[in-house]
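Asker: Okay, here's the structure, questions in a sec.
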Amino acid sequence: MLKPCAPIWFGAALSSLAVLVLALPAAAQTYNDPQNRQMANAAPPPGSYGGGFFEFLATGGRSTYNTPASSTPASAYRAEAQPAEPQRTVDPMFLRQEVDYSGSERPGTIVIDTKDKFLFLVEKDGKARRYGVGVGREGFAWSGTEKISRKAEWPDWTPPSEMLKRRPDLPTHMAGGIGNPLGARALYLGASLYRIHGTNEPYSIGTNVSSGCIRMMNEDVIDLYDRVGVGTKVIVM
């Protein structure tokens, strides 16, 4: 008899359909933040601290961005959560050059124009060596007069004890080297925490980027380092 074959065929079809349904991808889940804001805390990978490392410390590693309130899957916004790639070239105007100088400061004085992002080393006969620099971002700019109190080649960096109490995850010491955000040279300004130093992010020159330090391209800070000594007057405007 052929009648029993119909239920068997129907059951097999149902089994195949169940397998097909289980094989389909699950529907994407949607996550909506009631306030349309997400907070990202992204620490740099261990041992790869960039020139923005001190800014990471100053801000606690926190950055804020907005996400649209919609039913679009959260995965669709992952690209927006990634920071934009910084400009990787330096504007030619910030390259080292000799310029005319009409100021009243004596030769050997360092004058830093934070507004226009230039550092001048005053020379004789109305001339100066001009270097492009990166300066303090909003809320971290400062002005005043200091003297170079110490010089260091490939400087180490040790977080202060107060900072380590707040951030026990930080390294207790960072050896000098190409990956150190202080760069190739450092000129320490008086008893302050400010320095004129190099950087491993040369594309940041000409911007408001630091927590108050004056950063230079490594080749420029080496050039300046060799021309000045401890006791050199530094005017920050």
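Here the Cβ of each residue, glycine as well, is placed from N, Cα and C on the backbone.
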Asker: Which stretch, out of 65-86, 131-152, 197-218, is listed as region 'Disordered' by TrEMBL?
Answerer: 65-86
Asker: Could you break down the residues of the domain 'L,D-TPase catalytic' (108-237) into DSSP helix, strand and coil, giving a count for each?
Answerer: 17 helix, 47 strand, 66 coil
Asker: List the Cα distance (Å, whole number) between His197 (active site, proton donor/acceptor) and Cys213 (active site, nucleophile).
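Answerer: About 8 Å separates the two Cα atoms.
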Asker: Please average pLDDT over the domain 'L,D-TPase catalytic' (108-237) for the predicted structure.
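Answerer: Across the residues of the domain 'L,D-TPase catalytic' (108-237) the model's pLDDT averages 94 on the 0 to 100 scale.
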